[in-house]
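One structure below.
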Amino acid sequence: MTLIFIMISAIFVNNFVLSRFLGICPFLGVSKQVETAVGMGVAVTFVMALASAITYVVQYAILDPLSLGYLQTIAFILIIAALVQLVEMIIKKSSPSLYQALGVYLPLITTNCAVLGVALINIQNEYNFIETIFNGVGAALGFTLAIVLFAGIRERLETSAVPKALEGFPIALLTAGLMAIAFLGFSGMKLG
């Protein structure tokens with residue numbers, strides 16, 4: 001049951017975009033259309049889930065036994081960069097239109113602080129391997145949920161009468177803030 005709690009917490013209560021403000025760049029940059037938001041969400045989910053598992057193994061099989069903890073951040077960034085390259089090659093071959101739509105934001109997953117943040121928090125919270133995977137997948141699903149909801153709202157705002165001073169980025173920031181407040185409501189949720 002604790003695995004479900006870890007996942008639900010990562011999706012709703014500790015959403016990395018809306019409560020920890022990690023991954024804001026792709027959240028704001030790729031959320032203009034639902035289709036591209038879903039594509040980015042799937043790519044981040046794949047990278048974050050694999051990065052969580054691989055960084056756990058690297059931390060406890062290599063870095064800790066060899067007392068190389070000071071290389072943790074560099075090692076994790078290299079792992080994430082390699083995974084992003086893999087995802088980029090897969091998307092380029094399987095969906096050229098999605099690859100084109102994601103544009104510069106796909107390589108930016110390498111520097112997406114949410115992916116690195118999840119890997120580091122998994123180690124900091126001393127999760128075991130299974131808990132690490134559940135937290136990584138939950139965090140990725142939370143990112144995907146947030147970016148897809150935000151993209152849906154932004155699509156609707158494009159056809160709405162928005163005051164001139166709030167058109168574009170200002171209304172996007174206000175909307176993101178309101179979403180963060182809405183997700184804050186989950187923090188009082190009692191599970192079990």
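Numbers here mean position along the shown chain, with the first residue as 1.
For all residues, glycine too, the Cβ spot is worked out from N, Cα and C.
The following features are taken from Swiss-Prot:
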{"type": "TRANSMEM", "residues": "4-24", "note": "transmembrane segment"}
{"type": "TRANSMEM", "residues": "38-58", "note": "transmembrane segment"}
{"type": "TRANSMEM", "residues": "71-91", "note": "transmembrane segment"}
{"type": "TRANSMEM", "residues": "101-121", "note": "transmembrane segment"}
{"type": "TRANSMEM", "residues": "133-153", "note": "transmembrane segment"}
{"type": "TRANSMEM", "residues": "169-189", "note": "transmembrane segment"}
Response to the item:
Same-chain residues at least 6 beyond the ends of the transmembrane segment (38-58) with CB under 8 Å of its CB atoms are 23, 26, 30, 75-76, 79-80, 83-84, 87, 91, 95, 98, 101-102, 105-106, 109, 112, 114-115, 118-119, 122-123, 127, 129, 132-133, 135-137, 139-141, 143-145, 147-148, 151
Discussion item. Which range wins on Cβ pairs under 8 Å with the transmembrane segment (71-91): 101-121, 133-153, 169-189?
Written reply: 101-121
Worksheet item: Taking a Cβ cut-off under 8 Å, which residues six or more beyond the ends of the transmembrane segment (169-189) line up next to it in the same chain?
Response: 12-13, 15, 18-19, 27-28, 31, 146, 149-150, 153-154, 157, 162
